[in-house]
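Here the structure is laid out as structure tokens; the discussion comes afterwards.
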Amino acid sequence: MTTASPSQVRQNYHQDSEAAINRQINLELYASYVYLSMSYYFDRDDVALKNFAKYFLHQSHEEREHAERLMKLQNQRGARIFLQDIKKPDRDDWENGLNAMECALCLERSVNQSLLELHKLATEKNDPHLCDFIETHYLNEQVEAIKELGDHITNLRKMGALWIGHGRVPL
């Protein structure tokens, strides 16, 4: 194994920021993995909720793209990428659309909190480029994703109450 040579392009990029970005890459890949699990759960023949499957597959691809964008940033800033093991999703059975959406909301809030902490670190390390990068590519998108999931959860709860009110249980 050869030792990596020092970067020619690294400037004003603190080691703590580099490490935090590597952790964020792992979290984004984990989120992608969870959404992939959800997608293929809803694609099963005994579940057969194709729109949920498509929605979560799209979310999986988005999260993977977020990780790739962070990896590109690491290279642009002269940092090194250190990939870690990706944790298995906490469950394999997502039960129903409402439960999966609630889990997705918790996941997105966790990702958002991690990004806010990363932004705080970048501010403390006086790294305006990293602050701008996080603000431009992540923070608003996270707020929009959290709002979208909240809306889906509200609508699914209303639909469930409507079905139960008519003496029927939704499939």
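The backbone N, Cα and C atoms fix where each Cβ goes, glycine too.
Taken from Swiss-Prot, the feature N-acetylmethionine applies to Met1, supported by similarity to another entry.
Annotation source Swiss-Prot lists N-acetylthreonine at Thr2, citing similarity to another entry.
What Swiss-Prot lists as domain 'Ferritin-like diiron' is 11-160.
Cβ neighbour count for Glu63 (Fe cation 1 binding site) (all protein chains, 10 Å cutoff from its Cβ): 24. Glu63 (Fe cation 1 binding site) falls within a helix when secondary structure is assigned with DSSP. What Swiss-Prot lists as Fe cation 1 binding site is Glu28, Glu63, His66.
For Gln142 (Fe cation 2 binding site), the same-chain residues that are 6 or more apart in sequence and have a Cβ closer than 8 Å to its Cβ are Glu108, Val111, Asn112, Leu115. According to Swiss-Prot, the feature Fe cation 2 binding site maps to Glu63, Glu108, Gln142.
For the domain 'Ferritin-like diiron' (11-160), residue counts in helix, strand and coil come to 116 helix, 0 strand, 34 coil, using DSSP.
The Fe cation 2 site is set by Glu63, Glu108, Gln142; from the centre of their CB atoms, other residues of the chain with a CB within 8 Å are Ala31, Gln59, Glu62, His66, Leu107, Val111, Asn112, Glu141, Ala145, Ile146. Excluding Glu28, Glu63, His66, which define the Fe cation 1 site, the same chain contributes Leu27, Leu29, Ala31, Ser32, Glu62, Arg64, Glu65, Ala67, Leu70, Val111 within 8 Å (Cβ to the Cβ centroid), listed in sequence order.
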